[in-house]
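Per Swiss-Prot, the features are as follows:
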type	residues	note
REGION	1-312	region 'Disordered'
COMPBIAS	20-30	compositional bias 'Basic residues'
COMPBIAS	41-59	compositional bias 'Polar residues'
COMPBIAS	60-76	compositional bias 'Basic and acidic residues'
COMPBIAS	95-118	compositional bias 'Basic and acidic residues'
COMPBIAS	132-141	compositional bias 'Gly residues'
COMPBIAS	167-256	compositional bias 'Gly residues'
COMPBIAS	281-293	compositional bias 'Gly residues'
COMPBIAS	297-312	compositional bias 'Basic and acidic residues'
DOMAIN	414-587	domain 'tr-type G'
BINDING	423-430, 469-473, 523-526	GTP binding site
REGION	423-430	region 'G1'
REGION	448-452	region 'G2'
REGION	469-472	region 'G3'
REGION	523-526	region 'G4'
């Protein structure tokens, strides 16, 4: 009865609005099947230490009666109707628009509970459901099973009245103004409000249970917050993963270090503003300070965070590096195109790699390089293969391809054939062309030998034919190869009296490589020694079977000198061209090939261009090899000025900024700007390909080779010729003369007249200057005499090769040849003091001279025991120069006395013979 009276007084005090008294304790009746009692969240958070002591020793029946009395008394007095009365027995209010939904009941066997309600109410911290830490009051709400928590009470069916200002319920993830309700993830303003906010800060006041993951301001509030800081107060159980401020509260928090409780009472009292709080629970008095240790926990957390960040940073950097490497490898193309030589920076760009990575790779391969060094194609292939990339070696012009135009099919017309005349030297190629043109071309050639390619267009009864006349000398291999590459038909001229020769075979190979048909012209059939059948037999061994023998090759017996069979040859050419049916579009920009180029004293750089497609006109901008220009004037093969040149027309073009290489492509472009851009790119690639600083592997073998090469004898020359093709031919012929003992080094090769710069270069490098079909002016000749530079002029390539060869042979060390001149037998040995042993000899064969070299051969072993010179030779008592066969003589050797009777002395001479290349 005393307990009932105490409770009654408590309820009356709460109804009268006394804020400083103890909180109302409301217990919910447990289900009959439950073995344990559970208090509501509000009651747990607001149970004082005195009430916990009063309720802990009571029996189960007594508690049941007490709870019923509390509920009946609360209903009778109508709590919540007054301005200061608490709103509900439970902080979770019912809602009128929804039916109550009971919480699911978990299986008790799966979640056993070894504590008793008494231990909760009494603040027993020895229970395994609590962590260590001081304080009394309610336990940690996060540790209770769902079935032990206060279930949601039924909600009234009547409509819910609007909330007045100051009484608003808790918001969700927002800021909560001053009032009573519990907010969720928001800041809770000061007031008496209901349950604690979730993940938000709770302002000072007397409110309900603690917030979740938020800070709780000072006050007397309910249970501790979750993952947040709790302000000073008397509140309930400790927070979860957060720091608990000073207060009297319940058991310690979770996952936090809880230090010793500070001395003294809790923080300030309630800061509740005036007004109704129907949804809030009454606040309590400030209690003793809560557990400390927050700073230590934060320090440990921050320290661990720093260590984790350092490790994470290391692994992230490694991961990023591996990812970058994988991305770099993925960016490497499957195939790249390069020239014979390529810069390190350029190949790195083609491989989509950083130059530093490529340099590092090359250094591992034993090559000391920088970004500007040049490596050869072989090294580049090995480097690219390590990255899974294939290398394709291309020419200079493949690297700078000019975009092709699209031709309309209706614009195509049949173009005249391009015929190249090939064969061995002096087999009558130029004479044949002379007969066809009815001109005197052959007489204009030096020595009757063609020195460069001639391009002509001939008008016949059956149509036009473009002819290219190539040199037959072995030095002009490159010219013949170019002629075969731009031609449609090859006419192979073979002399009937001479048969197949080396250049004949070479011409056959060039034509087969170019995949062009061959028509054989058997020339000089009017000579008595002519044997056309022998020529057919020899050519059949090289795959050229005559049609009359069942083959596919056309043979024409002709005589260029007597004009025999020429018409038949032209007819065969036209028939073959009709079968090939080559087309071209005269409406497009011109495209062709440089047949020949030279530096003309009056017109500058000029080039013979064979137009293969399109039409070339005066004023067109073009790119010729590595040079650019604009057509200033054009001339035909007879020297007449023309305005345009169509397909299969050879034209002489002026307006180039340099002398292009023979065989270089000729392309008309849009304007001068594009021409210069392409020209500069090609010149850069050309310099790169000719670079002398190509990196090499650093090995002892290379060093030995360099040392050996330094001892080589070397002849240095500078070559100047009238046309580029002749320059190439002379250079190629001379470079073939190099041997292991003497080497020919072409310092410079160019076209045009010999100028002062050539003389200065020759003087500095100790070279001779060779002029082929070109000369030096008087001023340059005077400079050469002053600098003591030799200039040689030639018009026939035979003379160039023979004289240079003789000069190189003179640089060779002569070959020493041993010649035995006599043999002498030793028949006696005379010992003379102060002189030595003298051999008494008989000359058995030849003769022995005082100047001869001799060797002593032992009669016992047959081995040579000594070699040297004769010091003195005597016949009787007289000194003699030589002794012939059958005569006796005395021989004193220079420095040798250990010979015996029966030994043989062999006399020989050493002659020096000039070596040949």
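Any Cβ shown, glycine's included, is placed from N, Cα and C.
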Taking 423, 525 as the binding-site residues to compare, which has the smallest set of other Cβ atoms within 10 Å?
525
Out of 426, 429, give me whichever of these binding-site residues has the highest number of other Cβ atoms within 10 Å.
429
Grab the pLDDT values for the region 'G1' (423-430) and give me their mean, rounded.
83
For residue 423 (GTP binding site), which of the three DSSP-derived states applies: helix, strand, or coil?
strand
If H, G and I count as helix, E and B as strand, and all else as coil, what does DSSP give for residue 429 (GTP binding site)?
helix
What are the helix, strand and coil residue counts for the region 'G4' (523-526) according to DSSP?
0 helix, 1 strand, 3 coil
